[in-house]
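Record features (TrEMBL):
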BINDING   127, 190, 222, 253, 396  UTP binding site
BINDING   223  substrate binding site
């Protein structure tokens, strides 16, 4: 969860006169400039140009961080979005598709946010290379989806990966395996910014290197960096020159984020003749999504409000499912020409997220980040589309992985769809305990993935293993107490059961 820094704002308000505050700010900015110049001086001639761009971008972010009075939105100004500013997906689908949808598809680019590592699931390297279904990785499934689209409509939709310095090398090595697929694949890197010491507000890096003991000194500054990095890479201009008009952006670990032709048609052929520059797919909140960012009307603009920006007194109200019914899926459709225009005017405004971290040695640092969806208020004629939950299928944990590997979903041309054999379209709630956190441990604990077609809720805690061909139905809770182990035998059917204590199945 993102947290905004408050110490600095408090210090500023206690400091009294605005003149004094300004002096502190200037001193901090000057000290930062001196440190960044020292770091830049260590860059080789090959690295000089892009390091300079990265540090310039960071300097702008740091300047804004010092200027801003703190995270809170003015709660009194938050209004419900006007009726027509969030359209139901059914209404957009009801328009059907024109005969020339292929020519519209040829103007689309698919962009996947591929900067993340699989560390939270105990994996080394890019998260996109974790196997999720029949040994296919997130990246394999993405390429298969777009290839299927290109073959079906005889189109040329390219895939663009926004990598980070953490994922770039490993991703590029693996891309060779797609050289014969019918998808052009491009990559660009998001910026590399220095982490700063929480006490001194100065960078902890002493030089530009980011290997060995320096790996912890740098970070990729969140997906809001896409606008500047995409523009700076030159790829944005190249795609515009090729006649591309829109990008569809999503997280690579959201397996529901496939190209939707009805939304594309709505963008290309708007019913009122006025094109949207920015479309955000939102979906209805459940109790599991109370922390997700929501769309509101703020100062006559659609605006994404994240939980970290909400004043403490209103956090419970923000989490209320009855008042704020939707949340951002981070599936976004954005006009390329608008990105170029706003980037050249330096007019993309995103709130700064201050993300505190504690390094292995115990040092407290902060990362200044931005989120891609926060820019919605900078674009003209923005729109929210309330899409079915099936378009939001993120795999953040092994609990999510169990769902997508199970028979709840069938795989077709890289796309996962809920099995028709399931009577309810809702996704079961799955909570696997800490013994399952790492992918390696999780795989060891399941001899085969259970049948989950009739499952509503599964909680597993402690040292538990599953034999082959287990069926789980209704609500199943399995708790092995500390020091005990439970082996669910092969072929077991658990329906509305609580299993606890100690159960060892010994091979005779």
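A Cβ is built for glycine as well, from the same backbone N, Cα and C atoms used for every other residue.
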Tell me, how many other CB atoms lie within 10 A of the CB of residue 223 (substrate binding site), whichever protein chain they belong to?
24
In Å, rounded, how far does the Cα of residue 223 (substrate binding site) sit from the Cα of residue 190 (UTP binding site)?
8
Across all protein chains in the structure, which of the binding-site residues 127, 396 has the highest Cβ count within 10 Å?
127
Let me check the 10 A CB neighbour count of residue 222 (UTP binding site). How many other CB atoms are there?
24
Cβ neighbours within 10 Å, counted over all protein chains: which one of the binding-site residues 190, 253 has the most?
190
Could you give the maximum C-alpha to C-alpha distance in Å for the residues 127, 190, 222, 253, 396 that bind UTP per the record?
21
